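Asks: I'd like to ask some things about the structure below.
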Amino acid sequence: ELKRGTGRGGGAASDRMLGFLKEPVVVTAKINVSLVALTVMGLMSRLWRLCYPRAVVFDEVYYGQFVSLYMKRIFFVDDSGPPFGHMLLALGGYLGGFDGNFLWNRIGAEYSINVPVWTLRLLPALAGALCVPLAYQILAELHFSHCAALGAALLILLENSLITQSRFMLLESILIFFILLAVLSYLKFYNLQKHSSFSGSWWFWLLLTGVACSCAVGVKYMGLFTYMLLLATAGLHFWHMIGDQNLSNVSLLCHFLARALALIIIPMGLYLSFFYVHLALLYRSGPHDQIMTSAFQASLEGGLARITQGQPLEVAYGSQITLRNVLGKPMQCWLHSHTNTYPIRYENGRGSSHQQQVTCYPFKDVNNWWIVKDPGMQQLVVSNPPRPVRHGHIVQLVHGITTRYLNTHDVAAPLSPHSQEVSCYIDYNISMPAQNLWRVEIVNRESDTDVWKTILSEVRFVHVNTSAVLKLSGASLPEWGYRQLEVVGEKLSKGYHQSMLWNVEEHRYGKSQEQKEREVELHSPTQMDISKNLSFMAKFTELQWKILTLKNEDTEHKYSSSALDWITMDTNIAYWLHPTSGAQIHLLGNVATWASANAAALLYLCLSLWYLLRRRRRIYDIPEDAWQLWMAAGGICGGGWAVNYLPFFLMEKTLFLYHYLPAVTFQILLIPVVLQHLSDHLCRELWAG
């Protein structure tokens, strides 16, 4: 009977299977036709005739250089922001088979046949097109009507400044896309909070919020403004959850950890990954690596690496070295001396020691070589085995070509009278004895017994007699000093400013005691085989610091503007001019849209203040749910405009109209918010009255 039962069960199963095969498979799906239509129109408006003009348009001349460097794997530093946006533009070049060979030297230059213009402009155009359906969904998630959401999307679709910016190899449309994606993702996550906490979709939208925020910051640091807004919003919402007595302490802790993971830890990790990929791609030496430290330069293929590869790692007594100033400003330079002496009297009448000049020279030169000498011994060669120099050791630095000792004394420096003159000592048989002992202090040491290392160690040289520190003042000497940079002994040295730090860049173990043989040795390359590479975190820290602190000299641009000019539309930018037909492309806002956005923002502010005053008097003009909706929309749309606009009043940099585009995008979303509110409440009350 057991078998018969099994047979009947198996037969029923087979009947069901046959029945399933006889019936058609039906899949049902809900399609928002309006959303699809908006997406198609967005794509058409941004992609139609994307290759026109086939010439360099405005800042394409700037970003195109970085795309070419990516194609050639050459390292660069851009002080305008992180590398993710540049990598996306380079991806377009890679997809189009671009070899990087194009001279990005002027706006309006015709693109050569090897430049894939369509793919280079594709990703910004796609990002700009997708901003249209994102605008629709943001208003829908804020619980506004279909009509209001449709209006917001159409305003973004038809805004000519956004269309113009999206159609070229520029970053603003990509930035706005990630900003809007982050806002939409957070709203979807928040709306799932009430009934689907910790579900798959809840996690998806929470994680996507963090990813989109990280991508926005990775494109431009302006994305940080919206990221901070969303973090503040998430913090406020979590504060309200703390007051919910229905949630246990364990549940609150889980919610907090989930938000910390998705909105802080993952974005930080993703941000680091942008730099990891950037540094992995750009492994070759180029013109920009000169501003990096010697250790960073030595990690790149070619350039300094060709010189430093195979150098001894540990500096020893008798080592022949070049010393590079760590600061790198106003330019990279090496400790240098030559046979010329300081003038007996300077132009201002002050006297000098008339000793041999010591400067910082911005070029490779045989006069940059110094020999590390043990004060207790006469030899200028490395012993066998080598005796390494450690933190705190006393050394003398002997100029390789002139064999004079680095010296400082109580004589005012030529251009920095409050500091001591640094020279190479010449014995004039007068009452000015040599003072040439220096204590080596390794600033980035791990212990007080650390060995002085090539490239890696950043050292201070402290004068034993006067406690002055060897420092680059940065001042340029007059003609008698060949316009080289002044080096001084800083008597009142507090902290470890980079101008006081030096690192060994080129290094060899000296073998020749005779001067003639030593000069030949100084001109020859090193041959020993020791190498050292920086870790990723060390390279990231240095590159990030350079991006944040390296500032090009801001000059007035023909099309630069102030933040106040943007809301009054008293500015535009001529992007391109046809050389013969006179056709032009300008970045200019839609007058009707921008004026309406300004009016909506002003009206929102006035109504909010009015409602707040009335609510303080226990007078409630609108229902509580309408008030919460009004405040939520204002926090996202009005807050998004404020955080992306107001900081520019505090910035000391050259500003352009395109800096306002993220802010005006949020302001445009405020137009249907205010219109629906007026229609639902004020106008209805007037009609009812």
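The backbone N, Cα and C atoms fix where each Cβ goes, and this holds for glycine too.
Whatever TrEMBL says is automated annotation, not expert-curated.
These figures come from a predicted structure and were not determined experimentally.
Below are the features listed in TrEMBL for this protein:
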type	residues	note
DOMAIN	312-375	domain 'MIR'
DOMAIN	386-443	domain 'MIR'
DOMAIN	447-507	domain 'MIR'
TRANSMEM	25-44	transmembrane segment
TRANSMEM	115-136	transmembrane segment
TRANSMEM	142-158	transmembrane segment
TRANSMEM	170-190	transmembrane segment
TRANSMEM	202-235	transmembrane segment
TRANSMEM	256-283	transmembrane segment
TRANSMEM	591-613	transmembrane segment
TRANSMEM	625-643	transmembrane segment
TRANSMEM	655-675	transmembrane segment
Asks: Suppose I define contact as three or more CB-CB distances under 8 A, residues 6 or more apart in sequence; do the transmembrane segment (256-283) and the transmembrane segment (591-613) meet it?
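Replies: Counting Cβ pairs under 8 Å, fewer than 3, so no.
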Asks: Tally the residues of the domain 'MIR' (386-443) by DSSP class, grouping H, G and I as helix, E and B as strand, and everything else as coil.
Replies: 0 helix, 26 strand, 32 coil
Asks: So, does the transmembrane segment (202-235) come close enough to the transmembrane segment (625-643) to give 3+ Cβ pairs below 8 Å, pairs being at least 6 apart in sequence?
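Replies: As far as Cβ distances go (cut-off 8 Å, pairs 6 or more apart), the transmembrane segment (625-643) and the transmembrane segment (202-235) touch.
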Asks: Need one number: mean pLDDT over the domain 'MIR' (312-375).
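Replies: Per the prediction, mean pLDDT sits at 90 for the domain 'MIR' (312-375).
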Asks: Please spell out the DSSP helix, strand and coil residue counts for the domain 'MIR' (447-507).
Replies: 6 helix, 27 strand, 28 coil
Asks: Are there residues at least six beyond either end of the transmembrane segment (25-44) with Cβ under 8 Å to its Cβ atoms? List them, or say none.
Replies: 126, 128-133, 136-137, 146, 150, 153-154, 157
Asks: Where, among 115-136, 142-158, 170-190, 202-235, do we find the most CB pairs under 8 A to the transmembrane segment (655-675)?
Replies: 142-158
Asks: Taking helix as H, G and I and strand as E and B in DSSP, count the residues of the domain 'MIR' (312-375) in helix, strand and coil.
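Replies: The counts are 3 helix, 30 strand, 31 coil.
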Asks: For the transmembrane segment (115-136), could you work out the same-chain residues 6 or more beyond its ends whose Cβ comes under 8 Å from its Cβ atoms?
Replies: 34-35, 38-39, 41-43, 45-47, 50-51, 54, 64, 67, 88-89, 91-93, 95-98, 102, 149-150, 152-153, 155-157, 162-163, 165-171, 173-174, 176-178, 180-181, 184, 665, 668-669
Asks: State the non-local partners of the transmembrane segment (202-235) in its own chain: residues 6+ outside its ends, Cβ under 8 Å from one of its Cβ atoms.
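Replies: Beyond its ends, the transmembrane segment (202-235) has Cβ neighbours at 80-85, 88, 171-172, 174-175, 178-179, 181-183, 185-186, 188-189, 192-193, 196, 258-259, 262-264, 266-268, 270-271, 274, 635-636, 639-640, 643-644, 647, 659, 662.
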